[in-house]
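Take a look at the structure set out below.
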Amino acid sequence: MMLSRSIVIGMLIGGAVGDAMGAPFEGLWSDDIPNAESLASSFHEYHGYPSGQYTDDTQLTIATIQSIVQNGDIVIPDVARSISELWRHHSVIGPGGACTQAAEKYLATGNHFDMGAPVGQAGNGTAMRTAAIGLWFGNDRHSLVSTVADISRLTHQDPRSIAGGVVIALAANILASDHTIGAAELCNALADSIDPIDTELASLIRALPDRSRSPDCKKFIAAAGQPSAEFTEPIISPFVIPTVLASIYCINQHRNSWIDAVTSAVQLGGDVDTLGAIVGAMSGAIHGVEGIPANLVADLQDSESIAALAVRYHWLLENRLQTQACGE
Ligand SMILES: [Mg+2]
């Protein structure tokens, strides 16, 4: 499996652009979010921040990839350190509760064991940061599942959040090597891999392609994993199960266009910076950086340094995947 530089840049930049596109609308209902044309034309004002500002989703992704690039490997305690350092400087934008709790615990103890928020807190703070890590494993998907589970566990010990982190990394890994894989085949592969971690999320993902044909699919996604629907209108909460289902749904419905996939994600309403970040990264794995509107790439905060990090990550991946291919 070889990866083009465009795919790796597309994932990091795509995630950041999707995050920045959704950030001004976090928590809003679908009806209160601008139409796709308006979202694509330029970043909207995000109060108190410069245009094109991304948030915690991108910050934690970058911290993870920086750790990998610096070590030339995935070193779990260093990923914990790199993520937690963000909190030392109080520079995290819109952080989630579980990640904050985990990072503060790490900063207080220097210990990455059991730093993750306890079972019961099943937020999407894992899935928001794992897509780009999926590229690391090439065709070694067995290692992907166990290592991404370890990375997810740093912030969340709840199996639903761990499974959600694994699903997004694996989806990106699969899509980067097979852009046209069918929705059912993709969902079955994802579900099979996380079945041992969380059977509930696995069966919901397996049901998603059939459900996607029904007009009430968005309601199904928004209420998934909850005893009863929280609201009468569908909205995607920061709970990991709806977030992961919504992300895969958008990717499957809009496989041919980066901007269609990401604007459809942001328009779902709710935790839309995270949805934008996940779908932007996964869609970047399909279309590469050329698939992302150039005006948004140019206006993204730190666009050049994020692309530079992606280039270093790509160089590392090329060497690693070449070695993997030689060993086969
Ligand atoms: Mg965010």
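Please read every residue number as a count from 1 along the shown chain.
Placed from the backbone N, Cα and C atoms, the Cβ positions cover glycine too.
The Mg(2+) binding site annotation in TrEMBL covers Thr55, Asp56, Asp57, Asp271, Asp273, Thr274. Remark: Thr274 (Mg(2+) binding site) has Asp19, Gly22, Asp57, Asn124, Ala127, Met128, Pro238, Thr243 as non-local neighbours, by Cβ distance under 8 Å and separation of at least 6 in sequence.
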Close-lying binding-site residues around ligand 1 among Thr55, Asp56, Asp57, Asp271, Asp273, where CB distance stays under 6 Å: Thr55, Asp56, Asp57, Asp273
Three-state secondary structure, which DSSP defines for Asp57 (Mg(2+) binding site): helix
Mg(2+) site shell beyond Thr55, Asp56, Asp57, Asp271, Asp273, Thr274, criterion: Cβ within 8 Å of Cβ centroid: Asp19, Gly22, Ala23, Glu26, Thr58, Gly94, Gly96, Met128, Gly276, Ala277
Which of Asp56, Asp57, the listed binding-site residues, has fewest other Cβ atoms within 10 Å: Asp56
Cβ neighbours within the same chain of Thr55 (Mg(2+) binding site) - under 8 Å, at least six residues apart: Asp19, Ala20, Ala23, Ile93, Gly94, Asp273, Ala277
